[in-house]
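Straight from Swiss-Prot, the features:
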type     : residues    : note
DISULFID : Cys24-Cys30 : disulfide bond
Amino acid sequence: GILLDKLKNFAKGVAQSLLNKASCALSGQC
């Protein structure tokens, strides 16, 4: 449903920002 899609998109956004933070911290390019 729509709610599930919203949850999926939200989770995707959170995961993406976490990945970005992690890779930027690892490479030291924050």
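Just so you know, glycine gets a Cβ as well, placed from its N, Cα and C.
Since we're looking at a predicted model, the values are computed, not measured.
Other Cβ atoms within 10 Å of the Cβ of Cys24 (disulfide bond), summed over all protein chains shown, number 11. Listed in sequence order, Lys21, Cys24 are the same-chain residues at least 6 apart in sequence whose CB falls under 8 Å from the CB of Cys30 (disulfide bond).
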